[in-house]
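What follows is a set of notes on a single structure, which appears directly below.
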């Protein structure tokens, strides 16, 4: 029983010294003097502010991509003890002593360094020689642009790392399929493929291109698996379910996990809150949460409310009115009703308050007990400061002549009767008896007389409207659009019937305590939608370029200039590598088409195993280049040279593959 004590315990391991050496050299090239320059370099000014937000746990919104990449950079700051106190306002600004520059740049540098041995492993797993694998790794190692990008606080090196990890993991899984399906290593590489794909997408949305590439290759392999007559139906079903869980379900769960951690960390109100809904803002500490704390949940007749438009474009704004009236005659000669103006105002103001009135009663206070307003109820909206009722009629809106003017009704004793009845339509209701709720409910106001719906057109009014945004009545359509949806942000129960007392009441806080925490999925859905739809700055940049400029390296980017010594950092690739990689891609495409035509004629120039290896290498390397390059031709955004680096990495992997193929199969002398 204790015999194992009589013999030494021996552990054997196969160590590939090529991988060890490449890893060491990769680390040296990326980590040596990593803290130089100790100044803000190009887009570090952009990502640095988000790191500071993480350190201070302040919510932010970045439409450039999901939060995983930002969290990786913030992790470097956390490990270095960064407190977030630095003003990221200028490229070239010297970092203060509290900024751990080396730590902030560490994770991108590690990702860039580990991409070197990973390139070796990918080419080796594809079935090519050690010489070709070493060649691919060395090309990744010495490529100028990849070195530059990975030594700074930027995301491209991390994106490339997870792209390569996804491909490598799938290749290892595919190769283990031949020897030990459903073994621990088989499961490990399959699950790691899904996790790596999720990480790539979690860093930048363009990571989805590599994810789709891997899914495509996996789908082809699964199709061949279905046709394998040596496998039972149950075995085939198990294979398909395993792939579906690992490559579809797990990536979604990991992607959700990124947002869960992101929202867990960023729990405080910040400068980016206003673009979010009132419910989202109220879930953050400070800001709107401080204002809305203690508000009644259910809107009742007599409630005093502010109504925020759900669209948030061109800016977040609230339904508003004031004493000024529409001009009798507009500049274009059209006439108006000369009624009191109703607009959408992008600032907090006492004129944003409205009172929900029961059309059958004159009182503007809440009964005891309160009578809640429900979906489908007919209401009037009285402007809090003027008590005039929200109205629309068959008069053209000032800037949208095909829509109706919205006003607060003034009785001029002319033949223009009031039309101030509105039907409440709760868009996100669970039943037709739902109660209108503060912050939670998304509502539309449908005009009873004309069936027009209250809508924010978003057009800024002229000077007579104080440049506030136009509100119109538009014929009700079945489609949902945020410009027609409103939510109650601030709410109190009105207690004063007298106008003077009510005006004082509008400025006082409420005390009723109601909790209004959004679920994670609700916050995730809103945040993801805002990230996908937020308008980015598409203005031309001094160093912007087009995809056609990238292939032959007709562009570069000046990243940094030393103010005294004129030392510079430029993002500039190695022209020999870029041109050779482009030529290799062209040669591969021509050879692949040639072989395909020949095989169609029943002429097999390559043995079957060589052909499959050649096709798989093209699918992953040439395909990886194509899916990470071609979509940029269809993107309407400001593009830079660094956007090409993920595609370039796959193209570099193809270069030694093509060279070895040409050497082994095209330049080989025929045997006599």
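The first residue you see is number 1, and the count goes up from there.
In case you wondered, yes, glycine gets a Cβ from its N, Cα and C as well.
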From 85-105, 106-126, 127-147, which range did TrEMBL mark with transmembrane segment?
127-147
Have a look at 14-32, 33-51, 185-203 and point to the one annotated transmembrane segment in TrEMBL.
185-203
For the transmembrane segment entry in TrEMBL, name the matching range from 240-265, 266-291.
240-265
Structural state census, the domain 'MIR' (296-359) (DSSP three-state):
3 helix, 30 strand, 31 coil
Please identify the stretch among 185-203, 240-265, 575-598, 610-627, 639-659 with the greatest number of Cβ pairs below 8 Å relative to the transmembrane segment (153-173).
185-203
Give the mean pLDDT for the domain 'MIR' (431-491) on the 0 to 100 scale.
88
Between the stretches 185-203, 209-228, 575-598, 639-659, which one has more Cβ pairs under 8 Å with the transmembrane segment (127-147) than any other?
639-659
Under 8 Å for C-beta pairs, could you tell me which stretch among 185-203, 610-627, 639-659 has the largest tally with the transmembrane segment (575-598)?
639-659
Spell out yes or no: are there three or more C-beta pairs under 8 angstroms between the transmembrane segment (610-627) and the transmembrane segment (185-203), with each pair 6 or more apart in sequence?
no
Residue counts (helix, strand, coil, in that order) that DSSP gives for the domain 'MIR' (370-427):
0 helix, 26 strand, 32 coil
Using DSSP, what is the helix/strand/coil residue split across the domain 'MIR' (431-491)?
6 helix, 29 strand, 26 coil
